[in-house]
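Feature annotation from Swiss-Prot assigns ATP binding site to A17, G18, A19, G20, S21, G22, K23, T24. Look at Swiss-Prot and you will find 1-229 tagged as domain 'UvrD-like helicase ATP-binding', backed by sequence analysis. As annotated by Swiss-Prot, site 'Interaction with GajA' applies to V147, Q150, with the evidence given as experimental evidence.
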Amino acid sequence: MSREQIIKDGGNILVTAGAGSGKTTILVSKIEADLKENKTHYSIAAVTFTNKAAKEIEGRLGYSSRGNFIGTNDGFVESEIIRPFIKDAFGNDYPDNFTAEYFDNQFASYDKGLQVLKYQNILGTYSNPKKNFKFQLALDILKKSLVARQYIFSKYFKIFIDEYQDSDKDMHNLFMYLKDQLKIKLFIVGDPKQSIYIWRGAEPENFNGLIENSTDFNKYHLTSNFRCCQDIQNYSNLFNEETRSLIKEKNEVQNVISIADDMPISDILLKLTEEKQVLNIEAELVILVRRRNQAIEIMKELNEEGFNFIFIPQTPLDRATPNATLLKEVIKYVKNDRYSIYDLAAEIVGNLSSREIKEIQKIINELLVPNINQVLINQVLINLFAKLEITLDTREITAFTEVMMTNEFDIAFDTNEYLHKIFTVHSAKGLEFNQVIITASDYNVHYNRDTNEHYVATTRAKDKLIVIMDNKKYSDYIETLMKELKIKNIIKSI
């Protein structure tokens with residue numbers, strides 16, 4: 001019923017959407033419904049953290065996306081607020097044609113950031129990743145410029161914001177200003193249980209605060225999980241107090257399996273696949289771990305015993321936002337002969353003409369020379385992002401260079417399909433797999449820690465979840481929870 005109510009609701013909307021609940025589907029459906037009802041000149045903006053997510057929204061909307069802003073959070077404030085109105089807010093000494101490469105232009109204070117922009121023509125960034133200069137600047141411009149406020153107010157009737165749990169404090173402040181001062185309706189969706197990026201500035205407290213305290217939003221909870229089978233849903237919900245009421249106990253658990261850690265990992269896998277036959281070795285099978293060295297060790301041990309596992313590493317680009325997806329597509333094009341310029345173009349938000357695609361190809365082809373260097377990489381990225389009118393972060397340049405200058409991460413850009421893979425939990429966020437193995441000792445849920453990481457890990461599994469029970473405190477905690485909740489069946493031991 002909530003989904004139908006969301007579509008009909010004309011107010012500010014806050015949606016908490018658990019793993020596999022179809023949050024992108026409801027976001028797109030709501031956009032389509034609002035645009036169909038809209039008989040005015042107003043448009044909508046749909047913003048998210050990555051170009052990949054924006055591209056997915058744009059693709060699902062199809063023709064409906066035309067005339068509306070579909071892109072990243074950074075792209076929205078830069079193209080709709082900062083560039084058009086910085087002169088009106090701060091004077092003609094401030095450039096609107098600033099460059100987007102930051103390099104060493106990091107600073108500690110807002111005033112220093114303004115000086116870098118004014119005198120060096122560069123939109124810089126704070127040295128502290130938990131502070132967001134671009135969003136502080138955009139909010140300052142709105143407060144100083146009547147024209148900017150009038151423009152945003154007269155153009156947008158609603159702004160849709162994805163993955164709100166990953167917003168930082170400065171993003172939150174700007175979005176609340178749009179709602180409170182400009183009276184623009186907001187549709188925000190997220191899941192605090194999936195916030196695993198606090199280390200890079202995300203503040204799930206912003207989202208939680210709105211859930212608990214705000215009276216300006218009509219609040220909805222999407223609890224149906226269309227990804228995971230019921231056994232896996234029950235198990236993942238057990239460890240979060242707010243989701244325990246969603247557990248639907250079954251008479252028999254078949255798809256969440258506990259196995260003791262009393263033998264090598266290769267023997268555990270043989271027991272699961274051959275002796276007990278609870279896993280299908282001919283189907284997709286993924287092992288999720290917390291640390292890179294742990295993944296490499298497991299891969300070596302398994303492959304020495306005749307298995308064929310590939311570790312898909314989290315690359316430095318996975319820690320660089322918001323353009324990590326686009327930069328990874330560029331590397332695929334450079335390092336993989338099977339990946340064409342048209343594959344890359346398909347991942348760029350917006351409809352590119354044949355001429356634009358050829359111009360982009362010409363820029364990127366400079367990276368195909370045998371001996372690339374830092375200077376060449378810098379220049380190519382500057383030219384590419386200038387062409388696409390996207391801001392480039394110095395951390396992204398550093399990460400891109402690190403990946404390009406070594407073969408260490410090449411497997412992450414291989415377009416071949418591998419059945420048996422090992423991921424870290426952070427690199428697996430947003431993905432889903434048929435069969436998943438996790439290790440209990442990776443998660444200190446019994447100390448009320450790692451609960452978000454545990455939730456993300458368990459909800460990557462669609463059909464089968466295996467827990468290697470190598471931590472007695474973890475298993476004791478499960479028993480305690482089962483007794484408290486009077487649950488008899490949550491995991492099957494073999």
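Each Cβ is built from the backbone N, Cα and C atoms, and glycine gets one as well.
As the structure is a computational prediction, the values presented were derived from the model and not from experiment.
For the pair G22 (ATP binding site) and Q150 (site 'Interaction with GajA'), the C-alpha distance works out to 35 angstrom. Note on the recorded positions A17, A19, V147: the fewest other CB atoms within 10 A surround the CB of V147. Excluding A17, G18, A19, G20, S21, G22, K23, T24, which define the ATP site, the same chain contributes D191, L222, N225, F226, R227 within 8 Å (Cβ to the Cβ centroid), listed in sequence order. Taking Cβ-Cβ distances under 8 Å and a sequence gap of 6 or more within the same chain, the neighbours of K23 (ATP binding site) are V15, A17, D162, V189, D191, L222. In this view, Q150 (site 'Interaction with GajA') is surrounded by 11 other Cβ atoms within 10 Å of its Cβ, with every protein chain counted. With respect to Cβ neighbours within 10 Å, the binding-site residues S21, T24 differ, and T24 shows the lowest count.
If you take the C-beta of G18 (ATP binding site) and look for same-chain residues 6 or more apart in sequence within under 8 angstroms, you find D191, K193, L222, T223, N225, T243, T459. A sphere of 10 angstroms centred on the C-beta of G20 (ATP binding site) encloses 19 other C-beta atoms. Over the domain 'UvrD-like helicase ATP-binding' (1-229), the average per-residue pLDDT in this prediction is 89.
Separating the Cα atoms of G20 (ATP binding site) and Q150 (site 'Interaction with GajA') is a whole-number distance of 39 Å.
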